[in-house]
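The DNA-binding region annotation in TrEMBL covers 87-130. The feature domain 'Homeobox' is assigned by TrEMBL to 85-129. Sequence annotations record features per position, and here TrEMBL assigns domain 'TLC' to 132-333. Annotated region 'Disordered' per TrEMBL: 360-405, in sequence order. As annotated by TrEMBL, transmembrane segment applies to 38-56, 141-162, 182-200, 264-284, 304-329.
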Amino acid sequence: MAALSAWFWNERFWLPHNVTWADLADPAPGVEYPKARHLLSVLPLAVGIFAVRILFERFIASPCAFLLHIHAASVHWRATPNTVLEKVFTSITKCPDSRHLDGLSKQLDWDVRKVQRWFRHRRNQDKPSILTKFCESMWRLIFYLFMFTYGICFLWQCPWMWDTHHCWYNYPYQVLTPGLYHYYVTELGFYWSLMFSQFTDIKRKDFPIMFIHHLATVSLISFSYANNMLRVGSLVMCVHDASDFLLEAAKLANYAKYQRLCDFLFVLFAVVFFITRLVIYPLWILNTTLFESWEIIGPYPSWWLFNSLLLVLQVLHVIWSYLIAGIAYKALVRGKVPFGKLQAAVVHFTEEWLPSGHSTGLVSKDDRSDVESSSEEEVDTNGTNDRGVKRAFSPKVENGTNDHAVTTITWPQQIRSSSSW
């Protein structure tokens, strides 16, 4: 075990040339450097954050939802118990294709349309209510807004906010201040709490991808803490927090059916996202990690790894920005839907595939919210209704949530099949 630990914490990988762990082990009185063992305190903090979230959603978010007339929806169409179809649903597929539908139709002596209806009703039973989504988004909004506000207030007083060369001066002998420690540990604790809560949160199609995303985020924050890259790490976190709370605010407005507010917030989110991820991040963050650090401390193994991870993050920013821009372009420039209807598609888009707990997937008809598709005419696998008319968009229909309606849009297949990665 000692040999494995020595291999993992090899000084030649983690530290610049001519620096050893012993140099950092005994700082001057009143001086503290980041140490890997500090990260052990993050796990109980993550549990505490998770507990606070449960209390917040129950005693603050839920009453707010009720004030906005958002209540838990009841599923009016439940699937008839059927052992054969339940086995297919749980172990094979929740959205059978035409081949499966034909086979099940013959096996059960049911009409294909009846089999389709059963699977739609069964999926609806597992989908969360608008109330659940509202509470989850409100918690994320409050936390992201708090962390962004704290980050700005803290970094405003730090020299590396205004001159990024200070991220590397005297590295790695940079003092760990209480403010920087609390900022880092709280962010890390939150992402650990997301790792826990993802198993109880709204289940989305990209669950494995988002689990890997959260794991990568935890690893990157922990890695930068262990080798004392906290200064530049704090800038990275602040840049990413800048747009996350706007996305959650747009989702809340959508759930509460404040359409114009949702449109405005999404446009604001998109603008901030593009500026922070495609302008500030590469020109400010990557510039200092790649070029200024090279001039001041020079490259070493963990430096290469750290910058590689940051470059991968930039690739993801480009992909996500492309998807967001593609939605806006197809919906607005080509005039496929009115601007007012953009919010519903975009909010679902951001719920399914964007990062911050959010991802960007586009919905096909059978992926829409509860009751919504069940209350419409049956649509076959070719996208036609009972009169043989192709349908591109679904109308507003009641979703059983206190007379709230949901607008959803079916997008072209080439977009629906896009992956966030």
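Keep in mind that glycine also has a Cβ here, set from the backbone N, Cα and C atoms.
Small disclaimer: the values here were computed from a predicted structure and weren't measured.
Looking at which of 38-56, 141-162, 182-200, 304-329 has the most CB pairs under 8 Å to the transmembrane segment (264-284), the answer is the stretch 304-329. Mean pLDDT for the DNA-binding region (87-130) in this predicted model: 88. Here the domain 'Homeobox' (85-129) has, by DSSP, the following mix of helix, strand and coil residues: 33 helix, 0 strand, 12 coil.
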